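Peer 1: Straight out of TrEMBL:
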DOMAIN    1-170  domain 'Glutamine amidotransferase type-2'
BINDING   76  L-glutamine binding site
BINDING   235, 267, 342, 343  ATP binding site
SITE      344  site 'Important for beta-aspartyl-AMP intermediate formation'
């Protein structure tokens, strides 16, 4: 019941017959197939299979047609059962084009399988005791208070993206882990590309060829994500990434002859650069635009519930989550948009952070980009999922599309680095002639989401720091290393977040392996606005 917010439409608990202590619980957000979408999913053909999953499998119809599977429901996740029956678990996870976290139970072969998508867009946590008690949940908050006789403190950890795990199931409902396998590297072309509507891309790395391929793949990434029976909306910060998503999405909705207007949503404090930029884009593309204003008090008041929702105390993540949490709250309360598109993943994929200007070489920039993608599940993807799911919304992130991202990462490293002092140069020039978004937005430099929502004069993180100054005194800071030996907070802001986190999740600090920080520069604060690149731009 701790994760009821993720599925406000219905819920169900079900015991697995023949096994003691074996139970599924599921909260439903009805996005596809209103009638037969309840879980655990079971079909007549495979009475021994039980599936609980969260996600969207965009190629389920393609695969169904290709292999001639007979469906019993219209649920995208049913494909997992058919693929598993046909080719086993490894082939199944590799064939899924989409975002997912699942647990599959096979009572015939007495196996349990866990799986999670390449970038961990959908969350999954697991807890397991030495004597084989296994519990999994979409959010850690559903597991932390579980009591077990052999382990008073149950170790709860995120299940790694791009992996699946095989476990043996015993009659008493206990399990033993057999193996955990990494099934996909973000650079490798996914197996499901063989059964894709895109077909073959133009070969070679000539600039015009690459730009054309990127446009094809990006369009396709947005198009496949239209799969839903619910209304689609889009977050729009007025930055490059969300603007490209919103403009492409609007175009695709028109082509699909969807009857409603696309709602776009921007949040900020008064006179924030993001609000002005988002307004420009919305006017240009013709969306039904909503602006949500918040003041510093509302932002500060939301911190406690935001950190509870997030399950992290990472500084940039918390900062950037406040705006996203408040806008999700607004969407849920005031509109009927449920499926929300967003620009997450682009900065990691296309080297959008300002510190990439300082990369010693294209090869090191490439390595850093892949590291960021691998860690997305701890930072931006975590933020995007928890802040929206807290309000029963479902997020879709086309930049993290398997085909688009693996193609982008296959390009020569020197094509992807910042050029002429402008980050994401390749992405910008790809859409240069498309008139999708206004020119000045296409070439607008990066604003951190947590900074862009406030005026340049007084940024959101400055406001936060002033507030925290009165909450945490120097004596507390002096004692920080004793109190928090792991990931010791170096700033009062970090200390304040950590305190809130420990109140909700005592002793769970190791969910975060390290703080998010820029590289190649001596940064003590992760905000882009404190970087010299930004200061010189402000002077100009």
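Easy rule for this one: first residue shown is 1, then count along the chain.
A Cβ is built for glycine as well, from the same backbone N, Cα and C atoms used for every other residue.
Provide an account of the burial state, proximal residues and distances for the features listed.
Peer 2: The domain 'Glutamine amidotransferase type-2' (1-170) scores a mean pLDDT of 92 in the predicted structure.
The Cβ of residue 76 (L-glutamine binding site) has 25 other Cβ atoms within 10 Å, all protein chains considered.
Listed in sequence order, 235, 237, 239, 240, 241, 242, 243, 244, 245, 397, 399 are the same-chain residues six or more apart from residue 343 (ATP binding site) with CB atoms under 8 A from its CB.
When other Cβ atoms within 10 Å of the Cβ of residue 344 (site 'Important for beta-aspartyl-AMP intermediate formation') are tallied across all protein chains shown, the result is 29.
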Peer 1: Rounded to a whole angstrom, what is the largest C-alpha distance between any two of the residues 235, 267, 342, 343 that the record assigns to ATP?
Peer 2: 15
Peer 1: Please work out the number of neighbouring Cβ atoms within 10 Å of the Cβ of residue 235 (ATP binding site), leaving out its own Cβ.
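Peer 2: Around residue 235 (ATP binding site), other Cβ atoms within 10 Å: 27.
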Peer 1: Around the Cβ of residue 342 (ATP binding site), how many other Cβ atoms lie within 10 Å? Please give the count over every shown protein chain.
Peer 2: 25
Peer 1: Between the Cα atoms of residue 76 (L-glutamine binding site) and residue 342 (ATP binding site), find the distance and write it as a whole number of Å.
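Peer 2: Between the Cα atoms of residue 76 (L-glutamine binding site) and residue 342 (ATP binding site), the distance comes to 21 Å.
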Peer 1: Around residue 267 (ATP binding site), how many other CB atoms lie within 10 A of its CB?
Peer 2: 27
